[in-house]
Amino acid sequence: MKPAFTAGELNTYTSPGDVTAVSRALRHTGRRVMLVPTMGALHDGHLALVRAAKRVPGSVVVVSIFVNPLQFGAGEDLDAYPRTLDDDLALLRSEGVEIAFTPTAAAMYPNGLRTTVQPGPLAAELEGGPRPTHFAGVLTVVCKLLQIVRPDRIFFGEKDYQQLVMIRQMVADLNIDVQVVGVPTVREADGLAMSSRNRYLDATQRELAVTLSAALTAGAHAAHLGGAAALRAARAVLDAVPELTVDYLELRDAGLGPAPAHGSARLLVAARLGNTRLLDNIEMQIETPAGTAGPDGDRQYAQSPWRN
């Protein structure tokens, strides 16, 4: 029996086969399928992805909600990860999303972990340092979602910047026919990057959490003095908050290779407040220490640092 689909309403499916069939039928009618993969616990950052997907002419938006066990390592917060499915579906309904895909782990991995994606050397750096299996889990589930949904475009936030880079790498290396769209990080009024994990913070930790974005802003404003100056400025802000345990603060190029001497770069930070681990990053324009612009031209560092 064909799965039912009602246009203009939220249709929820748990079976991968049902989503594949509905997506195929919609594509045959000329609709353009957009995929927003999430692990639920939706917030305004996720909704920014949904809205970006909805802006595509002729689009039908599929939001997947799946807490992927493959990307959680030993001792990580899989069981504690917030699950708010009813609230999430209500949000999607209010945004005019037409398809929610909410599979179980058994539906996604019916044969266990028989075949997985090998993510390559970048998976051992930055986030992959303390979490060596994380990106194999991320890329495997995203690859599966792409095969199940067959979207024109897939949307990710820039907050998880390494994830975005690695998904682009997988799509290019495995010749997957999809456009990967990165959406700028959505922030609270004080600059904190929105994250499902922010709800773990107590009131004191929540006040201190803004240190990450403050450090990145300081780094961006110092970037006209060179990469080393940007790192020093950011580190000084982080060091002023002893409650913060910094896992890394690194400057890289846009593809997460070595930082350039000048031009576009990414400053990335990961830190813990209590048991909560927070990530953030910012794009910046590095200039030579002499203050002269490199061949990339204008002094863009003087603009708003949140042009990421």
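From the backbone N, Cα and C atoms, a Cβ is placed for every residue, glycine too.
Listed features, source Swiss-Prot:
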BINDING   39-46, 157-160, Val186, 194-197  ATP binding site
ACT_SITE  His46  active site, proton donor
BINDING   Gln71  beta-alanine binding site
BINDING   Gln71, Gln163  (R)-pantoate binding site
REGION    286-308  region 'Disordered'
Cβ neighbours within the same chain of Leu42 (ATP binding site) - under 8 Å, at least six residues apart: Ile65, Thr84, Asp87, Asp88, Leu91, Leu92, Ser196
Val186 (ATP binding site) versus recorded positions His46, Gln71, Gln163 - nearest by Cα: His46
Integer Cα-Cα distance in angstrom, the residue listed as 'active site, proton donor' to Met39 (ATP binding site): 10
Cα-Cα distance linking Gln71 (beta-alanine binding site) and Glu158 (ATP binding site), given in Å to the nearest integer: 18
Fewest Cβ neighbours within 10 Å, where candidates are the binding-site residues Gln71, Gln163, Ser196: Ser196
Same-chain residues at least 6 apart in sequence whose Cβ lies under 8 Å from Met39 (ATP binding site): Ile65, Phe66, Val67, Asn68, Tyr81, Ser196
Between Gly45 (ATP binding site) and Gln163 ((R)-pantoate binding site), the C-alpha gap once rounded to whole angstrom: 15
Cα distance (Å, whole number) from Gln71 (beta-alanine binding site) to Gln163 ((R)-pantoate binding site): 11
